[in-house]
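Below you'll find the structure, written out as structure tokens, and then a few comments.
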Amino acid sequence: MLKLAFVLAALAVIRADDVSNTYYLYTLENHYEPEVMDPTVPFSRYSNFKITDNTVILVHGHQGSLHSEFNNLVKDAILFHQQPHNVIVVDWSREAGQGYTAARQSVPLVAHHLANFISWLETEARLIRSTLHLVGFNLGAHIVGQAGRRLDQGLGRVGRITGLDPAASRWGSDSGRLADSDAMYVEVIHTDITGPGSNGIGTAIGDINFFVNGGSNQPGCIGHVCNHNRAYEVFAASMSNSGLLGYPCSSDLQNTLNRCRGDPLHMGGLVLSKTGSKKYRVNTSGSSSRNMLKFCIFLAAVAVCYGESITYKLYTKDNKGPFNMTGSGELIKEFGKKDNTIFLIHGYFDNSAEQFLEEVRPAIFRYFKKKINVIEVHWKPLAEDSYTKASGNVGLVAVSLTNFIRWLDLEKDVKLENFHLVGFDLGAHVAGIAGRSFNSNNKVGRITGLNPTGRHWGSGTQRLRHTDATYVEVIHTDTFGALSNGIEDPIGHVNFYPNGGRNQPGCVFHSCCHARSFELFAASIDEDNRLRGNQCSSMTQMNLNLCRGVTLQLGGIDPSKTGTRGIYRINTTRRYPSSSDMLKFIIFVAAVAVCYGQTVDVRYTLHNKNGIVSMRPESDDLPQQFEKDAESTIFLIHGYPSNTVTRFFQLVREAILEHSNQNVNVIEVDWTRAAGNSYTQASNNMQSVAENLTKLIQWLITNVNTESGSSSTRDSNENTVTNVTPFHLVGFDLGAHVAGIAGRVLNVTQNEGIARITGLNPGRLHKGLTQQRLNANHATYVEVIHTDTLGVLANGIGDRMGDVDFYANGGNNQPGCYSHSCCHDRAFELFAASMINQFLTGRGCNSMSQMNLNLCRGSPPLRLGGTELSKDGNGIYRINTSRRYPNGIVSMPGSGAIPNQFEEDAQSTIFLIHGYPGNTVTNFFQLVRNAILEHSNQNVNVIEVDWTRAAGDSYTQASNNMQSVANNLGVFMQQLYTEITNPTRTTTTTKTSTSTTETSTTETSTTETGTQPVKSGLTFHLVGFDLGAHVAGIVGRKLNRGVVRVARITGLNPGRLRNQLSMQRLTANSASYVEVIHTDTLGVLANGIGD
């Protein structure tokens, strides 16, 4: 009864008409379509509310509303940059929109309503009050304070309240304003507290109070409104930036004089409790790059900023352009406020993205006679890495575009109904998400989706919808087949399916079919547009080409276009040109070809000494950069898409081009899109990808033979081409099998086929695909490197597959690796290292048993990897390594001699010594090594000291072994010093002296032989992380007693040692200069030493 009475009392207030409170629920699942939470209906209807997630409630201030910048910016920051939360926005705009006095008088009623709503959540949603966080701006700060006060009636307080520059006018100490007792923790951010007309309270009313830049005169601001708004801007920034630190102030004077000192405290964020002083000062600058904010703070409007990753370029008919638009400050004069505005938004960045922009924009100005603003939305840095990452960034781009449009909408003569958003590929979804951010009373006029991408964008996602604008038109051109790019569903008001949405005339590849969408759209801009489709009563009728309904013109750029909702089919036989005004369409094709997919599904990028260029088999010409006289053409084929794709390409490509000492073409085969959504789907698509690759190779053979002027030799019986450029296919994971399938296909049609295939830990396949496995018959020479073959979760195949099979460290448990993925990647790391390291050789094994027992003694040893097209070897080989072989590494000590790569005249030699082995070993080496070699501006040797095996199985064992590791390193350094300074090593130098007379000049040469001076490369700097810092210290103390001296030791958070080993700690006398960086020293579980 008590519970029932409590709920009824809450409903009585919530149902009252005394205030307009409406509650909107946002989560990651419904970020752009909030649910209105109505306590009069069953709570089970709110499927997006997660009981297990914490809840944040946002309350705007005077003149605020649901769509106020405070709500949008803070909501987006929480959802995009924090752990999953339920974000509830309170809209009390009816009262807030009145004069300040009336709005202020409504605060108690709004707070009462909110308190009852929270009570309802506690009852129905099992909300835990102590986990609730209320955030209020301006008057909203006092609303959340009073709501928290009402709830504290013996049942406990809410967890946290954050007051963002609480309104000051008529909120004295006894006025019911926000107080530190209103929640378990109350934080207040003050940004506008001084001067006539200031908005905020200068008194420290919270448990902890942050005074940003002293609480007034915010950098970049002119006026109190900007200062006031800065409160929610910096709070939003705190969701992604932990660098917003405040320093404690003992008095207001200290704050004013900017002399606050002491232990810093993070401002903002969502942590429910903090401890510290009463007052803190936070200093920021107006530039996001200087204060490390991830949010740019604009003066006229607020937009989420992602550096220079998203840019807006304006083109106009009169002034051409481009003109950069920042989304802030004054609107540039070139923008026509009363003119229609069309946004062009590209998708996943490949060749088609650039073609889209370069084809549609000129067509607009060529055919459209009226004035118009054309704004290109460029987000290439967020769209070019991989399709998966680009797809994940769509929401971020949409938020940026939404705020940019809102900034434009602030202008008096600018109307959203005159806006037309045109998105290609992923850009269509960007347009849709941005469009739906505006309410139904002020929608964008039109959205056109050009073959919206389908992968990862099913019916339950945030893909483009017909409700996203007043009118939404979609042109579907590539919707059929496993490798198609588009969505077949009719997702717009009007949906055009040219040629049934597939098999576009003149196209052989999916990429061509995909691009046909923007080619047709560009053609439709002509006032003599004859592209008309017939309405279909069903998708079946459309697929059967039986549509006979009313006709509607495809495309065009009028934002006020309308049409009867439904499905339309249009049949074409030609392709829109990009260079001729006379011809509207070209290329008649009698037979329709199936789209196989190339540039979008499978992209080819050529790298060689001439530069980088994309290769497009559908074009007639071979790129000029392609070296027809190269010693070989190497194809790099990745496996199932993951974080390794980019790294595989970069590591192997750079190793080949920089260190193989050959003139080669390197072609990257990118099939991330064609891989689909799962490993199974990727496996099933290998055949299609291989066929696509085969077509490229055949195209290359034809063009090389044609352009070289040599006629291809054909066998009269087999009709196959001979004397082709040698090809070497390097495939990692599933890419190894793609290479094999391509080799098998080419071997049927070519005399020589593929010269070599290298399979890098070929991926496992299910039983139905075993016939597609790489094998020795797929090329003249097939080499396989196995690195991860043991266990149920292993990625690779342990069986023999090639002419030569290398099993690195037995094919499993790679040194320094603690996961299958690391062992898997070691395959391409070793292959890349083989371009440099001549000592990567394996010994022949008589059997797999001998290999597994590490008893292989076959002779001569065979070198792993490399780029030679054939080798004199056959069978099983085992190679043992004790270190990681990334790009550009030579093993030391090696053969006993100093490697040629060692720079004796380097300014110093830096040793990197890791700590107790963990996931950080690889990161430590890679991050520090790359930073030194790329950014130190010094000629240095960097030597990695890998003691992962010597560390043993536990931290204790690793600590006990430090002395042995240090002894080993000390001996190595002494040998290095001795070898280089050996007095028997002589150098011959030629000196040239010149004497001049009045009539002639003569030159004489003299030769000197002598002792070589000590090289600067023997200036040693030891950098040790964790236990490695102590290893460095032991080495330094040992060597400093002899001839060799350690110039510097840098200890990176030296690891803790038990008492018995305290004498081995790094100390100041371990080197001439010792520097220590402490980062984790507090608490029982801390890793470092605080002394």
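Numbering starts at 1 and runs along the chain as it is shown here.
Here the Cβ of each residue, glycine as well, is placed from N, Cα and C on the backbone.
Feature annotation from TrEMBL assigns signal peptide to 1-16. The domain 'Lipase' annotation in TrEMBL covers 18-260, 311-548, 600-857, 906-983, 1020-1090. Under the heading region 'Disordered', TrEMBL lists 983-1012. According to TrEMBL, the compositional bias 'Low complexity' annotation covers 983-1011.
With Cβ pairs under 8 Å as the measure, the domain 'Lipase' (906-983) is packed most heavily against 1020-1090, out of 18-260, 311-548, 600-857, 1020-1090. Below 8 A, the CB atoms of the domain 'Lipase' (311-548) and the domain 'Lipase' (1020-1090) form no more than two pairs separated by six or more positions in the chain, fewer than 3 in all. The average pLDDT the prediction assigns to the domain 'Lipase' (1020-1090) is 89. Secondary structure by DSSP for the domain 'Lipase' (1020-1090): 22 helix, 20 strand, 29 coil. Shown for the domain 'Lipase' (906-983): DSSP residue counts in helix, strand and coil, namely 42 helix, 12 strand, 24 coil.
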